[in-house]
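Take a look at the structure set out below.
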Amino acid sequence: MELQSAKTETLKEGAGQRRHEEEEGGGQRRHEEGGGGGGRQKAPMKRRQEEERVSPPKKLVIDHSGKVASHYNSLQEVGLAVRSQSRIFFMRNFNNWLKSVLIGEILDQVRGSGSPKVSVLDLGCGKGGDLLKWRRGGINHLVCADIAGVSVDQCQSRYEDMKKKSQINEKLFSAQFINADCSKEVLSEKLDDPELLFDICSCQFVYHYSFESEQKADMMLRNACERLKPGGYFIGTTPDAFELVKRLEASDSLSFGNEVFKVSFQSKGFYPLFGCQYHFSLEDVVDVPESLVYFPLFEHMAKRYNMRLVVKQRFSEFFEEKVKKENHRSLMMKMMALQPFPCEDGGRQATDSRGEYDHAEEHCVRAGVQLPLGTLSRSEWEAASIYLVFIFQKMS
Ligand SMILES: C[S@@+](CC[C@H](N)C(=O)[O-])C[C@H]1O[C@@H](n2cnc3c(N)ncnc32)[C@H](O)[C@@H]1O
């Protein structure tokens, strides 16, 4: 199988995964020895150990789907008044701005290629945080799918609300809502229109949950890509595994983070290709196990679905490129994606902690820019800069 060659790599070194598995196997062996009650090893036990060394024991496959679904189901929907008091208000706006730019540019591409009616799959739609973006983009049909049933219901009622309030002369897109584990179930079997093909699949801050196992990662990829039209796009955002590992290796413990987020691993040095779990917590928004997505493997797996990688950019790179355009800059202002520094009269700084705005002060001095400038607190930027943007296109 083609994938096999990629499987022998790990994030850091080929031997890493093998050593990791052997260590796990070793734990199992110690357990058995204890059960046997003997201090000295018996010959059959030794032979079994030799055999295990030749073919490492199977890794336990951990499934956190239930945990992920109940975490997202339990998140309360809060209004703008509460949201604006959040420590990560500007970072969330920044992420939203980034998604808006990504979605807007892809819609332009799709329209430019002459697609008369645009259909979109929002894979891991959550509570419908992107519904307005699809409305603004004037799409014709949207399918929203998510593992968290409560979120899907909230997404649907948000849509119904939108429909009620939409202007008489505005034709809001039609929509279908599906509650499904998209890393286990085949979505195309649940579509109201079995013939439906998508122009875009958008998978925002979701794909990493599927990298628990090869089967799950492949099913998620299949759902994202199998119903795409030739020339259609699979777009998304996900943590950059290289960045996470770099920060872990630089830390003198098994975790790193700051006052807004924390990432904790169980070990370091060995990074299996699938199921390399870490725990991610972000203020009051995320508190779940996630898995590293080794991007070269993701890209390799996507080829099975005839997908070619068009863009892979860290959030920082994407921001630097897009902010050069006037329309993106004015959207940024409108969405309050950056915090004015120093904060304006009546404005609120996200934090009073020391050192959180040193970079902004230094930038003012160095570049001699006019105040106020737009920025994020250091902690928010450290969290946002973990992520990357990807765009794949289906080859015809
Ligand atoms: C961080 S939220 C992002 C929500 C939305 N895409 C956004 O950008 O606002 C991650 C979402 O992925 C969903 N998710 C995680 N694993 C999933 C799976 N296997 N199938 C479908 N949805 C999943 C969660 O329920 C959650 O709604």
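Any Cβ shown, glycine's included, is placed from N, Cα and C.
Under the heading region 'Disordered', TrEMBL lists 1-57. Sequence annotations record features per position, and here TrEMBL assigns compositional bias 'Basic and acidic residues' to 9-34, 47-57. Taken from TrEMBL, the feature domain 'MRNA cap 0 methyltransferase' covers 86-395. Residues or ranges marked as mRNA binding site in TrEMBL: ASN95, ASN96. The feature S-adenosyl-L-methionine binding site is assigned by TrEMBL to LYS99, GLY124, ASP146, ASP181, GLN204, TYR209. Annotation source TrEMBL lists site 'mRNA cap binding' at LYS127, LYS133, ARG158, HIS208, GLU290, TYR387.
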Neighbour count (Cβ, 10 Å) for ASN95 (mRNA binding site): 21
Distance from LYS133 (site 'mRNA cap binding') back to GLN204 (S-adenosyl-L-methionine binding site), taken between C-alpha atoms, in Å: 13
Where the C-beta lies under 6 angstroms from ligand 1, the matching recorded positions among ASN96, LYS127, ARG158: none
Pairwise C-alpha maximum, in angstrom, for the residues (LYS99, GLY124, ASP146, ASP181, GLN204, TYR209) that bind S-adenosyl-L-methionine according to the record: 23
Of ASN96, GLN204 (the binding-site residues), the residue whose Cβ has the fewest other Cβ atoms within 10 Å: ASN96
Nearest-integer angstrom distance between the alpha carbons (Cα) of LYS127 (site 'mRNA cap binding') and ASP146 (S-adenosyl-L-methionine binding site): 9
Among LYS99, LYS133, ARG158, HIS208, the most crowded of the recorded positions [Cβ within 10 Å]: HIS208
